[in-house]
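Read through the structure below, which is laid out as C-alpha cells, and then see the notes.
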Amino acid sequence: MAKFIKSAHYFDQYPIDKQFEICVIGRSNVGKSSLINALANKKIARTSNTPGRTQLVNFFDFNNFRLVDLPGYGFAKVSKEKQTDLAAIIDQYLGYRQNLCAVFQICDINVLTNDDVEMSRYFENQKYAHFVVLNKLDKVNKSYFNNNKHKIAKFLNISTDRLLCVSAQNNINIITLFALMKKVVIQAKQEKILSKKEEKMSSEEEIK
C-alpha cells in the first residue's frame, strides 16, 4: 500500500538504503501531486492550485520502489533567492542520488514550453531512464495525442516509445503508467544483479 514517507531539503536527510527510486519532475502546476495520488489510488500527496507549492523532495513508498516528487521547475511565483535554492535541491538529487533508476518528466499536454525542452535535453546522456508523461489528456480531444505524438516527441527530443499520455483527473492510462514504472524497476534490479555477477567474475579472473 502506497504511503508518504518524508520530506527532505538536504541530501543527508534522504532515506538511507538501497531501494530503487523513480523520480517525477515537471513544471509547476502540471499535476504531479494529483498524478501521485492517482497512482496510489488515494490521497498521499498534497495538491494545490498555487504553482510552486512543492519546495522539498518528497518521498513516497510504493512497496517495490520509492516514488520521489521534486520541486517544479519554472519556479513560478517565488523569489530569486528561492529559485536558486530550488534549483540546487533538484540538481543535488538528480546529480548524486544513487538510488535513482528512472525519471518520469510530467508535462501539460496543452502547454509545452522551452523549460520542458531544456529539462528533457538534460536527461539525454544520464545513466537513468527518461520518460515523458503528458498529463491532462482529458482537456484535449481523443485524437489529439495520436495526431500529434510525433510532433511532440520531436519538440521534446525524445522517442515516441518513451512518451505516454494520461489524465490524473479521470484516471486515464494510470494503470499503464504504473505498470511501466514497475517494469523499469524490475529491469534496474536485473541489471544490478548482472553487474554484480560480472564484477565477481572479473575479480575471480584477476585472482587467477
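Backbone N, Cα and C atoms are what each Cβ position is placed from, and that goes for glycine too.
The feature GTP binding site is assigned by Swiss-Prot to 26-33, 52-56, 69-72, 135-138, 166-168. Within 10 Å of the C-beta of LYS32 (GTP binding site) we count 27 further C-beta atoms, all protein chains included.
Sequence annotations record features per position, and here Swiss-Prot assigns Mg(2+) binding site to SER33, THR54. Around the Cβ of SER33 (Mg(2+) binding site), a 10 Å sphere holds 22 further Cβ atoms from the protein chains shown.
Per Swiss-Prot, the feature domain 'EngB-type G' maps to 18-187; the stated evidence is sequence analysis. In the predicted model, the domain 'EngB-type G' (18-187) shows an average pLDDT of 92.
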Sparsest Cβ surroundings (other CB atoms within 10 Å) among the binding-site residues LEU56, VAL166: LEU56
Coarse DSSP state, helix versus strand versus coil, of LEU56 (GTP binding site): coil
Separation of alpha carbons, SER33 (Mg(2+) binding site) and GLY26 (GTP binding site) (Å): 11
